[in-house]
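Residues or ranges marked as Mg(2+) binding site in TrEMBL: 31, 218. Annotation comment: TrEMBL describes 31 as active site. Taken from TrEMBL, the feature substrate binding site applies to 32-36, 44, 48, 76-78, 80, 82, 199, 205-207. Marked as active site, proton acceptor by TrEMBL: 79.
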Ligand code: IPE
Ligand code: IPE
Ligand code: MG
């Protein structure tokens, strides 16, 4: 599927109030790993490990379902405040995923990109991320973005900082700053806005995920813990999305 440049109307953008096609871009807040482990009397780390298996299934299911863009919230800026043990488990799993999965992603036509403060994971992980991005750069079937050490407020503050620096250097007039320009300074500058955001685990909040980009997203909250997430749950959320009527502030009642 070809994607229009940022802030251009997308070819698949639905008419306000009209029938709903499948979403072009799905964001997924993968929540509930620790509750899943606790419910089974298992160590927390096994909940996160089972969460990685759910990521594998979901990427495959998304590629098969014809979604063009999938963005997974895997580790938030705030998740660094968890215990050192848990952070170590999570970063270890991340490195294993990157090394083991890249071949499958490449074979399945998946392009992997990472947004967030990757440098905070250290040089070994940064190298694994860069290798996976380079190896999958030519793929077009599914654009998979993994948000790692990502926080939307930090992202927006970063955009404000770089615009302010351009103004201070005399290269930009404050009046020239508009929504499109700010969006071009976000980590998602090459991506369409999410049409649908799914959160698992029953929680109904964004937890600092894609705050700017989600302005007109539809939300589906599922009562399933992330390690139990299956292709059928994705289908259920996509079906719910297709039943929604999007108005973008202009549709009739
Ligand atoms: C999601 O599961 C994974 C991350 C946020 C890294 P949690 O670890 O938040 O598990 P719960 O939500 O506490 O059950
Ligand atoms: C959101 O889950 C972040 C990710 C899924 C990576 P959290 O478990 O960190 O969010 P809260 O603490 O329930 O808001
Ligand atoms: Mg959680």
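Easy rule for this one: first residue shown is 1, then count along the chain.
Cβ from N, Cα, C; glycine included.
Unlike curated entries, TrEMBL annotations are predicted automatically.
Taking the features listed in TrEMBL, we show where each one sits on the structure.
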residue : record                 : DSSP class
31      : Mg(2+) binding site    : coil
36      : substrate binding site : helix
48      : substrate binding site : helix
77      : substrate binding site : helix
199     : substrate binding site : strand
206     : substrate binding site : coil
218     : Mg(2+) binding site    : strand
Note down the number of other Cβ atoms within 10 Å of the Cβ of the residue listed as 'active site, proton acceptor', including every protein chain shown.
17
36, 80 as binding-site residues, winner by CB count within 10 A:
36
Cβ neighbour count (within 10 Å, all chains shown) around residue 31 (Mg(2+) binding site):
21
Near residue 48 (substrate binding site), how many other Cβ atoms are within 10 Å of its Cβ?
21
For ligand 2, pick out the binding-site residues 31, 48, 80, 199 that have a CB under 6 angstroms away from one of its atoms.
31
Just the number: how many Å between the Cα atoms of residue 206 (substrate binding site) and residue 79 (active site, proton acceptor)?
14
When distances run from the Cα of residue 218 (Mg(2+) binding site) to each of the recorded positions 32, 34, 77, 79, 80, the nearest one:
32
Distance-selected recorded positions near ligand 1 (C-beta under 6 Å), from 32, 79, 80, 218:
32, 79
Euclidean distance between Cα atoms of residue 199 (substrate binding site) and residue 31 (Mg(2+) binding site), Å:
7
Identify which of the following binding-site residues, namely 36, 48, 77, 80, 218, place a Cβ less than 6 Å away from any atom of ligand 3, and list them by sequence position.
none
Taking the Cα atoms as reference points, how far is residue 199 (substrate binding site) from the residue listed as 'active site, proton acceptor' in Å?
17
Please name the residue among the binding-site residues 34, 199 whose C-beta has the most neighbouring C-beta atoms within 10 angstroms.
199
